Structures are given as structure tokens and as C-alpha cells.
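Inspection log for the structure reproduced underneath, given as C-alpha cells.
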Amino acid sequence: MLCLLFLLLGLTGLQTDDNSERLRVQFTVPEKIRSTSSGGVETHVSYIILIEGKTYTVNLMQKAFLPHNFRVYGYSGTGSMKPLEHEFQNFCYYQGYIEGYPNSMAIISTCTGLRGLLQFENVSYGIEPLEPSIGFEHMVYQIKPRDSSSSVYTEREIELREKPYKIQNVEPLPDFSQYIEMHIVVEKDLYNHMGADTTVVIQKIFQLTGLTNAIFTSLNITVILSSLELWIDENKIPVTGDANELLHRFVKWKRSYLVLRPHDMAFLLVYREKSNYIGATFQGRMCDKHYGGGVALHSSTISLESLAVIIAQLLSLSMGIPYDDINKCHCPGDVCIMNPAAVHSSGVKLFSNCSVEDFLRFISKPKSQCLQNQPRLDPTYKSAVCGNGKVEEGEQCDCGNKKACDALPDTCCVADTCRFQPGSACDTGLCCESCAFIPKGHICRGSTDECDLHEYCNGSSAACQEDVYVQDGHPCGQNQWLCISGICVDGIKQCFDIFGEGTSYAPAECFQRLNSMNDLSGNCGVTPTGFTPCTSENVRCGKLLCTYDKREVISVENASVMYSNINGKICIGLHYEYGNEDEGMMWVKDGTVCGESKICQNKQCVDSSFLNYDCNPEKCNNQGVCNNKKHCHCNPSYLPPNCEHSAPGWEGGSIDSGNFPPSEPPTGGPAFTDVGTTPLAESRYIENVYRSKPTRWPFFLFIPFFIILCVLIATLVKVYFQRKKWRTEDYTSDEQLESESEPKD
């Protein structure tokens, strides 16, 4: 126990060393209960977290604050500035609230476990992963800031008042967004105080930015960390003197050295063991390139939560938002942001009606236009850096530094330019060998399951084709089960994988009897307070139950094996304690068949129609299956797209496989042209080749008949007019003869 306590004291969290008093440390295993994703990134997520014996539901929404060109800067041994190469994630920062507590706030990072702050109206809890831990264990602790007398700001000195605000609702803001781009400099002493580890310090500055962001949510402001600078070995300016002197010294330095790094505000964060001042800025000068700066003094008596309040107050002052006169201003909570006491209080802090009015006044003026610049906040935000070993935008290749490149067996890439060597087509990839593309038809990703499909090199790309698999809902496992995401969700295999030989999927009576008991033997879920019962229609989707026909006792690590005799059959199941990382093994897997046209989904037996399985065997001429793109994957010797034509010796596949049919197929088959530079382009081309074309031969057959008919009509017309002319001439001649034969008087 003593070792564990020392370990906990060394963990990095929302506070540094003795910044704040931790009350009783609690341990919890957060449970994810909801998640919504977009583009492979969770945009909304909810967790159940146990705090002081009570469960709370925390709802979170992604809150990005790093721009696409974000960089961390340091200095080389010669004193020249250089970018520091570190892995950053811009998609694992969230902001939200605790369900049922309208005046709550949650600021959480999920990059490595849950790390952040849970703020109720007047109390804050820190949460961070327990390291090392086998499971998803976290520790939760209440943060109680220590009292301190350092609360005076140089540019706007305000008397610290102990009188309470008059509480009144604040009018809502108009629905528009503003953005503050912030450059932060961490001086040497603070870098050491935060752990003297670049990764740890960066993580804490990210947390600080997230906390500051949460404060400005009510004003529809997003605080962007545009860039970060670490003074690791030495400070670039003296950091002695009071905050006012340091502020003028810093803005003078920033005018010369931060010209090329865009920002609305630049902050110097300085560590002081004790200080009468905790910050300084120029009031109302945020968008001024000469005076848009501030200094925050981080003393040993404040937490990261308190430092976020200091940053928020400095940003507010720089927008012309003064401290509150608590005799005139109204606060929607106990303490508002622009009260010096906010630095030493826990819980959610909002802006008073005076602050809102001052903010609206500031953004109505032309000098606030810098806040309307919306940075690009892509999750993939890093600019390309040649030599870091990762191929980024604008690079053909990147083998690392010159030494690493020279050590490779095939030198396909020029280390200095990140371009291919002359004559090289590739340097890495499943379909690249000796700097050249592997010929078409080579299997680059073999199938791993009867519901998975081979992918092949296409001969024109270093990348293997996109992973494709049999369409969800296709029967498998001797037509007893269904394919889901390239895996046959086979109940028999689930039992074998856990219990080994001698086991099989339990019959219906085992599920009906045991999973309706709502105890260790069978249930539809485990919570911190007990079991979730199975309804009669969901009994086959709760605890996984298997039959066992051997006499040996089964042992499963960290689990209890439950035995039951049901109508002469031994039915067995597992039980893990709540929060165990392997507890998913004791449930029937999603996608397992639970009835006619029904499958298990989230421990419920639901209609399988949501899989949208629509592959009729006749679509592929009974010679193939549909893949997840709903294209036919043909059996060997049959050609896509519809498996209608044959080509003896061809291994089979689809228009998505990469092994497109040969350029000269057997007689009777359609002709193919081998064109394409990438897997996607080639797929489009082949699909167009196979697309049916309108029949045109009747048109060409009709043309000769049409010409003959036209000639015939022209001839008849000519004959008609010729004969008419002859008749007219004959009539005229007859009249002349008749007149000549008449007697004269």
C-alpha cells in the first residue's frame, strides 16, 4: 500500500506537485455507454463514472483547438530555433457536461485514458488513468485550491472583495462564433516544475488550453493554441522583476521573434515560488500586433484549473472586459470569472452580465476583427517535415534522416528531398519490392476468415487494394450463422475460443433458463449496482452459454466458470468482476443469430433487416458472392462484374480485388484494356468497361435500305415530272395543228 501511495504521488495530472490539496483518492473504471463517430473519429461519447459511491453520466462532444499547422518549437544547442517532432492528436479532446447537473462542465482528454476535470457548481474533481494498470482503472480526486494572497494584476488593480454577487440570469449571447489564436511560451523554471519532460509539458499545456476553452464556451469563443514554444535550456529574456516589467520586456521580444507565427495573443508562462502578482496584460489590446500579449505567473500554490482562470482573466482584460463590480453586476453562479476570487475557487465559473455586455461592445468595434479569423482545425493538422520517417502531404517518400536511409537495403528515396530516386516507383508498401511495383495478381492481403476475401496487387500501385469482405448478412458456418464485418459470427467458435475442445454452443433451453435468472449464472449486463435482467426475447443475447461434455474442470484466468445442469446437459458460462478488461468475453457477440431473421445487437435480439443484405445469388450468376461494396466476387474461372463469362485459370475476384482480368481473355469473353495508375482509378475504369452499352447494329443495318429508298423516291419524282412535261408539250402541239387546219373566212 505504501508503494502504491508513492506511485500515485508521482502521477502527472491536472496539478503539479503541491499546487492544490487532493482530498480522498478514489478508484473507478469508466464505462463507455454511447459513441457517435464521423470519419473514423468519435465526435460524441458518453461515460459512466463512479464518484464517491455515486454514478454519474458524462456526455462529451469533440472540441478541437489545434490548427492544421500547429507546431512546438524549441532551440538547438547553438541557440537557433527548431521545430520539435512530437506526435500530437487533435481529435481526442472533449468538452461536455454531467447529466442531470445543468451547471456542470466536463473537460476531458481521451488520448490515453480519461484525463481532465469534472466541474460541478462549486466543486471540481480531477480524473486521470492509473498507471500502470491492467484494466481501464482511473483515479478520481477532489481538487481544493490552497488560499493565496497573490491576486493583484498590474494593468488593472482590483480590490479583492469577499461580498457575494447578486444572482440573476444573464441574457444569452447572439449565435455567432469567435476565435482567439494564442501562442504560448513556457519559460525554463516552469518547464522544470511541470516535469522537465517535453511530452508531459506539452500534454499539460493542451489540458490548460482545454480548460480555458471551456470557460469561454458561454461567449461562443474557441481558444486556439496556434503554436507552443518551450525554453528548455535557457530563457530568451530575463524573467525577474514584477509582472508589469516582465510584460513590457516580453512584448518587446515578441515584436522581433514572433512575427512569422500568427497569433492574436502571445502569453509567457513563468514559474514563481511566491509572488504578489499573478499576471499582466494590456487592456483592450488583443488584436494589436504590438501589444497583444500577456504574462501569467504560475506560483506553487495554484492548480492547472486556477492557471486556466488566470489565462481567461488575462484574455478578458485584453478584450476590454474589466473586473466585476459586484455591487452592480449579476452573476449566474457563486463566483464569476472576472472576480479575483475565481482563481481560488473550484467548480464551474461563468461570466457576469457586465462581462457579457463588455464583450459584445468589444466585438462590435473594428479592432476586434482578428477574432473572426477561423483557423483550419483538421484532426490531421501537421505540416510535412522531410526526415521524420512519415510520408506527409507533398512528399513521395520519407525514409527518415540520412543515416536511417543509408541503412536500408534498397535506397529508393532521397533523404534530403523526400522524392524517389531516378528509376524508382515506390519505397514501401505491400505491393512494393526493390523500388518497383509488384506485378498484378500477387496476393497482398490474404483472407483470414470464410467471410473475408483476398486482395491482390494491381501492378500500378505500391498499396494493396482496400480491404473488402463478404457482404454483412451473408450466411456462413454451414448456413447457421451470418457474416459481419468480414468475420463469421459463429456461436460454436465463440465457445471453442474460450473453453477449448469439448464445448459447443448451448441449446435454446440453456439460454431460456439461465439468462432469465438475473444472477451470476445468467443476465444481460453487469453494473456497479447489480445485474441487468434479460427479457424473454433477449435471453439468447446475454451471457454466452456453452455445453461441455468433458469431466475436467475448466479454468479461465481472472474469471469464475459457472456450471449448470439443464435437462441433462452441462451448460457453462463465465463471470468477470465489473470493470475487468476481459468482461466482453462473457457475452454473446453482436451479430450472433438469435432467431429467424434476428441477430444480437447490444445484448438485444433485433431484426437483421438493418444489415441491408440484398445479394441474390442470381446477381452473380450463382458463381460468386457479394462483397461489402455490393459487387460480385466471382469464383475461380469466372469474370467480374457479374460472373457471367469464364476465363479458365483465372483465380477469381471482383472489380475491387486488384487482380483484374488479363488483357487477352479466352475467345468468347469480353476484351479488357489494362489501364490505371492507382487501385481506385483502375477500379473505375474496369467498371466502365463492363458497363452494358446500348445496342447499335440495327441502326447501321437500316442505313443501306434508307439510302435505296431515298434514291427510288427521287427517281419516281423525276419520272413523274418528266411525264407531266411531255403531256403538256403534246397538248400544245395538238392545239397548233388544230388551229392550222381551220378554214379561213
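Cβ from N, Cα, C; glycine included.
Quick caveat, the model's predicted, so the values are computed rather than measured.
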Say which of Cys615, Cys634, Cys643 is recorded by Swiss-Prot as the disulfide partner for Cys626.
Cys615
Quick one: Swiss-Prot says Cys331 makes a disulfide with which of Cys329, Cys336?
Cys336
According to Swiss-Prot, which candidate among Cys432, Cys435, Cys457 shares a disulfide with Cys444?
Cys457
Choosing among Cys370, Cys386, Cys397, which residue does Swiss-Prot name as bonded to Cys287 by a disulfide?
Cys370
Given a separation of at least six residues and a C-beta threshold under 8 Å, show me what packs close to Cys444 (disulfide bond) in the same chain.
Leu430, Cys431, Ile438, Glu455, Tyr456, Cys457, Cys464, Gln465, Gly658
C-alpha of Cys370 (disulfide bond) to C-alpha of Asn220 (N-linked glycosylation site): distance in Å?
15
Write down the Cα-Cα distance for Cys643 (disulfide bond) and Cys620 (disulfide bond), rounded and given in Å.
5
Among Cys354, Cys632, all listed as disulfide-bonded residues, which has the most CB atoms within 10 Å of its CB?
Cys632
Restricting to the recorded positions Cys329, Cys336, Asn458, Cys615, Cys626, Cys643, which ones have a CA within 10 Å of the CA of Cys632 (disulfide bond)?
Cys615, Cys626, Cys643
With the cut-off set at 10 Å between Cβ atoms, which of these glycosylation sites ends up with the most neighbours? Options: Asn122, Asn220, Asn353, Asn458, Asn558.
Asn458
Could you find out if DSSP has Cys354 (disulfide bond) as helix, strand or coil?
helix
Close disulfide-bonded residues near Asn353 (N-linked glycosylation site), where close means Cα within 10 Å, chosen from Cys331, Cys615, Cys634, Cys643:
Cys331
